[in-house]
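Colleague: What TrEMBL shows for this protein is this:
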- B:24-45: transmembrane segment (TRANSMEM)
- B:52-77: transmembrane segment (TRANSMEM)
- B:97-116: transmembrane segment (TRANSMEM)
- B:123-145: transmembrane segment (TRANSMEM)
- B:171-191: transmembrane segment (TRANSMEM)
- B:221-246: transmembrane segment (TRANSMEM)
- B:258-280: transmembrane segment (TRANSMEM)
- B:292-313: transmembrane segment (TRANSMEM)
Amino acid sequence: MTQTAPAAAAPAAAATNIVLSATELTKEFKGFLAVNNVHLSIREGSIHALIGPNGAGKTTCFNLLTKFLQPTRGRIVFRGEDITRLKPAEIARRGIVRSFQISAVFPNLSVLDNVRIALQRPGRLATQFWRPDTALNVLNARAEELVEQVGLQAFIRHQAGELPYGRKRALELATTLALEPDVMLLDEPMAGMAHEDIGQIAALIRRAAVGRTVVMVEHNLHVVEDLCDQVTVLQRGEILAEGNYDSVSRDPRVREAYMGQEDD
Amino acid sequence: MATQTAATAVAPAPEAKGTSTRTIALAIVGLLILLAAPFVIYPVFVMKVLCFALFAAAFNLLLGYVGLLSFGHAAFFGGAAYICAYSIKAWNFPPEIAILAGTLFAAALGAVIGYLAIRRQGIYFAMITLALSQMFFFVCLQAPFTGGEDGIQGVPRGKLLGFIDLGDSLAMYYFVAAVFLFGFLAIWRIVNSPFGNILKAIRENEQRAISLGYRVDHYKLGAFVISAALTGLAGAVKAIVFQLASLTDVGWQMSGEVILMTLLGGIGTLVGPVAGAALVVSLENYLATSSFPVPVVIGTIFVACVLMFRRGIVGEINAFLDRKK
């Protein structure tokens with residue numbers, strides 16, 4: 001076992017703690033094995049990438065881990081607790097929050113309201129039907145802070161549906177961060193982003209990852225190389241290779257299955 | 001220009017100014033119409049409009065703000081009417097207690113039907129509500145206390161709080177107007193509350209709301225029960241106004257009618273269902289004396305609405321005003 005160099009500030013002990021793990025994870029769709037016998041161990045505080053060609057089962061893995069799909073077989077454990085049978089909302093309440101491949105915003109609500117929806121959940125503000133919505137203004141300072149973090153302050157009163165694609169992704173990230181998640185699962189956060197925005201979002205993810213664990217599906221290998229401590233390569237629903245970026249990218253099977261498609 | 005940018009940066013409420021002056025003006029006009037109406041128009045007709053307006057507004061709380069299309073709301077409307085009428089005739093309940101009983105019954109029925117229906121989405125949700133409300137219809141048809149095909153007739157209006165004689169049509173009118181206002185304001189408050197914000201989020205993107213940790217089923221059920229209760233309030237009051245509870249109020253045609261009213265007026269607008277109810281009730285009243293078959297005319301209007309102004313009357317007006325800005 002080669003130990004990768006731990007991130008500068010993180011103590012070595014924390015880096016080896018497993019926060020989220022899946023064993024023998026399998027999902028079958030009417031005879032088609034979308035995910036087959038996948039073992040995943042996500043270390044606390046790491047940024048873990050899930051890569052692989054299209055149809056490799058990355059998003060299905062995400063859906064299984066967050067319980068938007070029920071696994072056919074296998075077990076998912078979060079901080080020692082078996083969460084295999086929990087509903088997706090309960091997963092989120094334990095601090096595992098995901099984003100979606102197709103940007104998930106509330107299109108007819110303002111950017112500010114999108115973030116406030118997430119901020120409403122902790123505390124009692126979500127169920128109060130007798131109070132005016134001005135009661136939510138106590139959340140504004142925090143919401144504005146989050147919106148500013150992703151560089152959307154100029155659009156704060158705009159309807160989320162009117163934003164260009166890349167900005168929707170940024171808003172989605174702000175909404176996810178609003179929940180202060182323990183583990184963030186980001187499904188292709190860079191997809192559809194303009195080249196100049198990628199660096200900004202990568203920096204944002206790096207900042208957000210301090211004190212958190214991030215699992216991300218990502219196609220852009222420069223981003224993966226730059227950002228991620230650990231890489232799992234999936235192919236046809238099975239794990240092909242795992243390790244840090246350098247060891248994975250040197251693996252001949254990975255080069256054949258995946259890197260060959262990289263044109264630069 | 002400078003104040004403009006300052007306002008967008010600091011102002012807590014979005015789109016605060018323009019909308020609120022328009023809203024206040026509209027509210028005053030509406031209130032004046034409500035107060036003056038019985039002196040200009042036949043009071044029983046206005047009361048009918050108000051009952052259906054509250055019905056449609058309560059239905060729209062579910063369709064317009066949570067995105068749930070219930071095809072079974074007649075069960076709550078008619079069920080509450082039966083309970084209210086029966087408790088007055090059989091047990092001599094005063095009107096306010098009878099209305100409360102009807103409303104509570106509708107809420108309880110809403111909890112049962114809602115609990116079963118929210119497990120499914122879209123057309124399946126509508127089908128489950130339809131099936132359960134049809135089951136309730138047959139209970140009403142067979143149960144002895146409802147009077148079967150005859151319904152419960154000649155319900156005495158009684159004295160509100162022991163001293164206001166509802167036999168007097170003006171007193172009855174202002175009571176109905178007050179109930180309508182209460183229900184309408186309750187819906188307005190719920191829609192613009194922290195809870196209402198979450199309902200809108202669920203309507204906009206349910207998956208995302210779940211992934212943020214919201215137990216959306218709880219919110220849907222809550223909204224369903226509130227909608228059923230307010231629908232029951234409208235049904236109970238209607239039973240006192242017309243001194244009658246009958247099978248018409250629990251049939252599926254009634255569920256269809258309220259969908260039509262909401263659609264014509266404008267889904268997801270507060271005033272839309274009221275306008276839609278006024279239009280449909282007026283048409284029915286007007287056409288009842290002519291030789292035109294009512295369903296054909298209403299059907300034609302419905303088709304025209306779906307083809308040409310999909311946002312409904314109020315929805316189209318709002319869109320027009322927004323474009324002008």
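Every residue gets a Cβ built from N, Cα and C, even glycine.
Automatic prediction, not curation, is the source of TrEMBL annotations.
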Colleague: Are there 3 or more C-beta pairs under 8 Å linking the transmembrane segment (B:24-45) with the transmembrane segment (B:52-77), counting only pairs at least 6 apart in sequence?
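Modeller: Result for the transmembrane segment (B:52-77) with the transmembrane segment (B:24-45) is no.
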Colleague: Tell me, please, if the transmembrane segment (B:24-45) and the transmembrane segment (B:171-191) are in contact, taking contact as 3+ Cβ pairs under 8 Å between residues separated by 6 or more positions?
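Modeller: Since 3 or more Cβ pairs under 8 Å link them, the transmembrane segment (B:24-45) and the transmembrane segment (B:171-191) do come into contact.
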Colleague: Is the transmembrane segment (B:97-116) close to the transmembrane segment (B:258-280), in the sense of at least 3 CB pairs under 8 angstroms with a sequence gap of 6 or more?
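Modeller: Contact absent: fewer than 3 Cβ pairs fall under 8 Å.
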Colleague: Give the nonlocal contacts of the transmembrane segment (B:123-145) in its own chain as ranges (CB under 8 Å, at least six residues past its ends).
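Modeller: Residues 68-75, 78-79, 82, 86, 90, 109, 112-113, 116-117, 247, 250-252, 255.
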Colleague: Which sequence-distant residues neighbour the transmembrane segment (B:171-191)? Criterion: at least 6 residues beyond either end, Cβ under 8 Å.
Modeller: 34-35, 37-38, 43, 46-47, 50-51, 53-54, 57-58, 60-61, 65, 99, 157, 160, 164-165, 199, 226, 230, 233-234, 237, 240-241, 270, 274
